[in-house]
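A.B. asks: Have a look at this one before I ask anything.
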Amino acid sequence: MKETNRKAVLTAVLLANFLAAIDVSIVGTAMPTIIGTLGGLPIMSWVFSAFLLASTVTVPIYGKLSDLYGRKIIFMIGAAFIIIGSILCALSGSMVQLIIFRVVQGLGAGGIMAVATTIIGDIFTVEERGKMQGLLSSVWGISAILGPLLGGLMINFLSWQWVFYINVPVGLIAMAVLFTALHENIERKKHSIDYIGSLTLAVSMTSLLLALLSGGAEYAWVSPQILGLFGVAILFLIWFIFNERRVAEPMISFELFKNPTISVASGANFLIGGVLTGLSSYIPSYVQGVLGDSPTMAGMVLMPLSIGWPIASFIGGSRLTTWGYRRTALIGVGGIAIASVLLNFTTIQLGEWYPMVVLFVMGFGMGLCTMAFIVATQTAVSWNQRGIATASLQFIRSLGSAVGVAIMGAVMNAKIISDLMESGVANPLEASNALLDESRRPHLPADLLDKLVNAFDNGLHYVFILLAVFGVLSFVMTLTFPKKQVQVEEREVKRV
């Protein structure tokens, strides 16, 4: 068997992680322009939720398939889905089409998320993995910096379609490098893939998100449609839990969560996921809709979040053994909680600088706690459980992102529509689309513009309140993180 080129494989994995990360941040900056072109403000949250849901549910499935057929083929499938989905997204002619094609992108991201960390574990030793994890975290931070900036530049100088086309060359390079550099000696194993668990969880979460997005906008909260969706979500969640307790190899092992380190890390990660995606999804709408800035400036305002993240990852990686997992996590989540509260004091008069300072603190906290939670989880389990433990942590964080952005979108939409109707705006949805369209906004009557800006300001501050609730709750949960960590004996990894 040929020898694996570890540096080349690492490059391919970093490029693929860049794709998975940038598909969230770059689209957030472009959304106001996309809404101005395609319309669909009430369902805009589904552009993010559909991607997150598809990638979330498929992570455990891809992880088990990689045990059966090898990491390379799953990586190639995931990258191919991202490339195809990106092309289709760029060709979308309506918001509904864009949402459908974002599902295709999400299916690819799930494959990359599932095998990237596993590949690193396969080709690097125990001592090297910590540095590699820090490097992977830095890539997410860097891509989050470049995403809003590239998104703003592409919208200003090209078109919104290019925020999707950019994935094509990067994805092809990653596929070519990994295909030629990674050589596996695949040992065939018998596994039972939990299809029923995947299906029931997908139906449950889809029903829940649809109810949250439609409630208060298209239908009343107590309407038969919304209550029916909540009922379906609850029934399929019960079915999912029952199924997971009886199958041989569950998609999510509930036994893992009896470990307090994993249960606390998972709960905090769920809430932090909602905070992170809420910021990347709705801060651009505040900068463009309320402050009246360009897409490029919206990307610049988000940039401090991504600058603080890799800085904290580097510091956290070097100080983790000295500070300990609990202290590092508390410092990080404490920063998130403080920043999420301070965000509520954002005003039009304070302009762009205030949210930029707050977002730097937020990013620094994200970098510290992410590093601490991942390493603590991986050292709390044996080698043969590390894959499913890491996948479960990723799954729960992504689930929190999907649920959080849906709740925030539902609350924001309901508040904006309510305020505009009370102020006598005849067509609230069309007027909102015009506010976010750079070419149409200057032609809006002054009176209508004031009503739209005030409505968006009020609606987005409701989002900021929810961000504070999520942030404070995550800190309270992290206070219960075990002071003493049990480190399971490591198993030496064979060099490839």
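Even glycines carry a Cβ here, placed using N, Cα and C.
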A.B. asks: Kindly point out the range from 12-32, 138-158 that TrEMBL annotates with transmembrane segment.
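C.D. replies: It is 138-158 that TrEMBL annotates as transmembrane segment.
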A.B. asks: Go through the chain and flag residues at least 6 beyond the ends of the transmembrane segment (219-242) whose CB is under 8 A from any CB in it; none is fine as an answer.
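C.D. replies: Answer is 197, 200-201, 203-205, 207-208, 210-211.
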A.B. asks: Residues sitting near the transmembrane segment (195-213): Cβ under 8 Å, six or more positions beyond its termini, same chain?
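C.D. replies: For the transmembrane segment (195-213), the sequence-distant neighbours (Cβ-Cβ under 8 Å, at least 6 residues beyond its ends) are 42-43, 45-46, 49, 53, 56-58, 60-61, 226, 229-230, 232-237, 239-240, 243-244, 247, 250-252, 399, 402-403, 406-407, 409-410, 413.
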A.B. asks: Counting Cβ pairs under 8 Å that are 6 or more apart in sequence, does the total for the transmembrane segment (388-412) and the transmembrane segment (295-316) reach three or more?
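C.D. replies: Judged by the Cβ rule, the two regions do not touch, with the required three close pairs absent.
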A.B. asks: Return the stretch with the most CB pairs under 8 A relative to the transmembrane segment (353-376), choosing among 106-126, 138-158, 262-283, 295-316, 328-347.
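C.D. replies: Most Cβ pairs under 8 Å with the transmembrane segment (353-376) come from 295-316.
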A.B. asks: Short question: which residues 6 or more past the ends of the transmembrane segment (164-183) have a Cβ under 8 Å from it?
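C.D. replies: Contacts with the transmembrane segment (164-183): 1-5, 8-9, 11-13, 15-16, 18-19, 22-23, 26, 71-72, 75-76, 79-80, 82-83, 86-87, 89-90, 119, 123, 150, 154, 496.
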A.B. asks: Using Cβ atoms only, state whether the transmembrane segment (138-158) and the transmembrane segment (295-316) have three or more pairs under 8 Å that are 6 or more apart in sequence.
C.D. replies: yes
A.B. asks: In the same chain, which residue numbers or ranges, 6 or more beyond the ends of the transmembrane segment (262-283), come under 8 angstroms Cβ to Cβ?
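C.D. replies: Same-chain residues near the transmembrane segment (262-283) but 6 or more away: 24-25, 28, 31, 45, 48, 52, 144, 148, 256, 298, 301-302, 305, 329, 333, 336, 340, 355, 359, 362, 366, 369-370, 373, 376-377, 380-381, 389, 392-393, 396-405, 407-409, 412, 460, 463, 466-467, 470-471, 473-474, 477-478, 480-482.
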A.B. asks: Going through 74-100, 106-126, 295-316, 328-347 one by one, which has the most CB pairs that fall under 8 Å from the transmembrane segment (44-62)?
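C.D. replies: Stretch with the highest Cβ contact count: 106-126.
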